[in-house]
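Listed features, source Swiss-Prot:
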type	residues	note
ACT_SITE	D82	active site
ACT_SITE	E144	active site
BINDING	H80, D112, E169	Zn(2+) 1 binding site
BINDING	D112, E145, H355	Zn(2+) 2 binding site
Amino acid sequence: MKNVLPPFIEIYRALIATPSISATEESLDQSNASLITLLAGWFSDLGFNVEVQPVPGTRNKFNMLASTGHGAGGLLLTGHTDTVPFDDGRWTRDPFTLTEHDNKLYGLGTADMKGFFAFILDALRDVDVTKLKKPLYILATADEETSMAGARYFSETTALRPDCAIIGEPTSLQPIRAHKGHISDVVRVLGQSGHSSDPARGVNAIELMHDAIGHIMQLRDSLKARYHYEAFTVPYPTLNLGHIHGGDASNRICACCELHMDIRPLPGMTLNDLNGLLNDALAPVSERWPGRLTVAELHPPIPGYECPPDHQLVEVVEKLLGTKTDVVNYCTEAPFMQTLCPTLVLGPGSINQAHQPDEYLETRFIKPTRELITQVVHHFCWH
């Protein structure tokens, strides 16, 4: 099978050269169809059965599932096909041209995380996938950088239940078994405009929001006091006020005010519980000013995630790498994969390069990543 696929670096180059930006702004958002076509062709060449799945609610985006083998269990290797937008003024290289310099591979998606598929393909090029004793699945998802729509849709619709999954996000090959979730909400206050010379004739939305923020700060303190997970560097749920806007003139009573905030819950905290806590915190303001305060989601929420520390996947990967699993504060698609099977986040490159100008992956990751993929496939699909 050695001659079926292009060389590793050419696969990498083709992936980086195929734009697949995800953005909430429609003018920047791109389909990942061309990238999915590339991947589907290569995995078909290796003998995989390939299914391309349109993702509802997206702008022409797709998941790809490549599968081989029969029966229950097996291994799922997964990652997302999209990247964030890039700031052209801050890049010193063409983001869509793979450039090797000073033991680094530069390009948009080299670390986060289109390059991971080049590693999978390269590791499998010498494997006769028809001889695996358990199934091997490769999932390429859409829209991770915005809504995680691809992972959500796959987890809600698939009947697959592998023994375990590995998501190849850039972790510097440090296995991650837990991370926090993310909830982003908008708090809106509707006041009543009027001339500032007669405050009694209006309802100042900024003043109501000031009251609401006081209660939100009390909730922040309560979350910090009540919930604790010492493995995290920030061992409690965080609550951040990120953006506020209200009013239009100094001599006008403010008619509306809007606050954007986020909460990063610990694993095990349910989204319903957090929504209830936020609504309870704001209840005094709502009762005092009926109909003037609302809370809504800015983005679909992401729950916290945790793989059981005593699971076989953790034991095997820790032994292969000679290192213990860790936890992180950022989010991945792991909560959705975890609904199917125990999941670890583990991949080449550094998270510090994600979403940065002149993104790169150090070439020192190439050999150990290829070896790791070969070893986990051998362990979970041949034993």
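Quick reminder: no glycine exception, Cβ is built from N, Cα and C everywhere.
Taking the features listed in Swiss-Prot, we show where each one sits on the structure.
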residue	record	contacts (Cβ under 8 Å, 6+ apart)
H80	Zn(2+) 1 binding site	M113, A140, T141, A142, D143, E144, E145, G150, A151, E333
D82	active site	S20, I21, S22, N32, K61, A142, D143, E144, E145, T146
D112	Zn(2+) 1 binding site	T83, V84, E169, P170, G349, I351, Q353, A354, H355, E359
Revision key, fill the gap. Least Cβ-packed of the recorded positions E144, E145, E169 (other Cβ atoms within 10 Å) is E145
Practice item. Taking the recorded Zn(2+) 1 site as H80, D112, E169, identify the other residues of that chain whose CB atom sits within 8 Å of the mean position of the site's CB atoms, giving them in sequence order. Key: G79, M113, F116, E144, I167, G168, P170, T332, G347, A354
Point to revise | Shell list (Zn(2+) 2; ref centroid = CB of D112, E145, H355; cutoff 8 A) | key: T83, V84, M113, A354
Study note, to complete from the structure: D82 (active site), DSSP three-state class -> coil
Check your understanding: What is the total of other Cβ atoms whose distance to the Cβ of H355 (Zn(2+) 2 binding site) is within 10 Å?
Key -> 15
